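Student: Got a structure for you, written out below as structure tokens; questions coming shortly.
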Amino acid sequence: MSDQSMSVTLLAIESSCDETAAAVIQDGNILCNIVASQRIHEKYGGIVPELASRAHQQHIIPVVAQALLEANIQKSDLNAVACTSGPGLLGALLVGVSFSKAFASALHIPVIKVNHMKAHILAHFIGDVKPSFPFICMTVSGGHTQLVIVRNYLEMEVVGETQDDAVGEAFDKTAKLMGLPYPGGPLIDSYAKQGNPLAFPFPTVDMPGYNYSFSGIKTAFMYFLKKNTAVDPDFIQKNLPDICASVQHALIDVLMRKLKRLVVDTGINRVAIAGGVSANSGLRKAMEQKREQEGWDVYIPAFEYCTDNAAMIAVAGYHQYLENDFAGWDLSPEPRLRIGGGL
């Protein structure tokens, strides 16, 4: 293990999807967290990989420069560079990985490859309130829906995951069916606050064990809209809050049922959520209800750490640095990188 009595300063880079981000961490404390988001994808109704990688190329140097400036850190102060190696979009990851390798090589310091999904989980170690090990984390995003047992900073086991759509993808697809712009998930959440979650029931599929399925809800929702708009073309407009509240309720119900099953089966009542969908107010409320009704120790990330950011990459990279977990110079992007163990 590295000598922790010495100051350890890392630059972290995140470029897995449509945010170009950089952060600086020193002795476990985040000094800055810079994120450049890409608005160009909205008119296409989803992420366009080629446009994403081009935008990363435009943003990465100014974002890193801004991070070093805000942290008041010189390049010579850095001990290593941590970067997201996967999962994510190949072209987007390539920009961050290539920059990180070149930057680290020029400074004669090591590069650390970070698993993006592990980093989402470790975002819980940024603030003052941190979970104790072991704990359960439900990772919920546009690309992933997983139940993970977190044993320490480096050891995690996936015990359940979606067998089709990720929950964030289900939110965006149902929003698109209603004619809402991309990204639709936050819009559903916003409209749902004024609606009745029990107005329109949707069938859900109970997969074996801790696995998830959301495609059934999406299909049922499509036929629900088709049937009702055939009778009244203005059905969606007239009932938008109730429709949004109902579909959100169905999706969250699926998430929480499996999460509760895992808590009961393992006896681990320290429970966290992570990933973009952890910003959803309905999910956050459901977690708070479990805290109040069933005594769970609940950990909900600050909004700025729900979506992709480099601070979480910095935390993961810092703990890997302490264990001398460095990558070779042959490091390449791993678009389908998984959390180890389990499934």
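Cβ from N, Cα, C; glycine included.
In case it's useful when we look at the structure, here is the feature table from Swiss-Prot:
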- His116, His120, Asp308: Fe cation binding site (BINDING)
- Thr139, Val140, Ser141, Gly142, Gly143, Asp172, Gly185, Asp189, Asn280: substrate binding site (BINDING)
Student: Could you say which of the binding-site residues Thr139, Ser141 has its Cβ with the most other Cβ atoms inside 10 Å?
Tutor: Thr139
Student: For Asn280 (substrate binding site), what is the tally of other C-beta atoms lying within 10 angstroms of its C-beta?
Tutor: 25
Student: Taking DSSP as the reference, which of helix, strand or coil describes Gly143 (substrate binding site)?
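Tutor: For Gly143 (substrate binding site) - judged by DSSP and reduced to three states - the answer is coil.
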Student: Which residue, out of the binding-site residues Gly143, Gly185, shows the minimum number of other Cβ atoms inside 10 Å of its Cβ in this structure?
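Tutor: Among the binding-site residues Gly143, Gly185, the lowest count of other Cβ atoms within 10 Å belongs to Gly143.
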Student: For the binding-site residues listed here, His116, His120, which shows the highest count of neighbouring CB atoms within 10 A?
Tutor: His120
Student: How many neighbouring Cβ atoms, not counting its own, are there within 10 Å of the Cβ of Asp308 (Fe cation binding site)?
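Tutor: Counting Cβ neighbours of Asp308 (Fe cation binding site) within 10 Å gives 25.
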Student: Relative to the Cα of Asp308 (Fe cation binding site), which of the binding-site residues Thr139, Ser141, Asn280 has the closest Cα?
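Tutor: Closest candidate to Asp308 (Fe cation binding site), judged by Cα separation, is Ser141.
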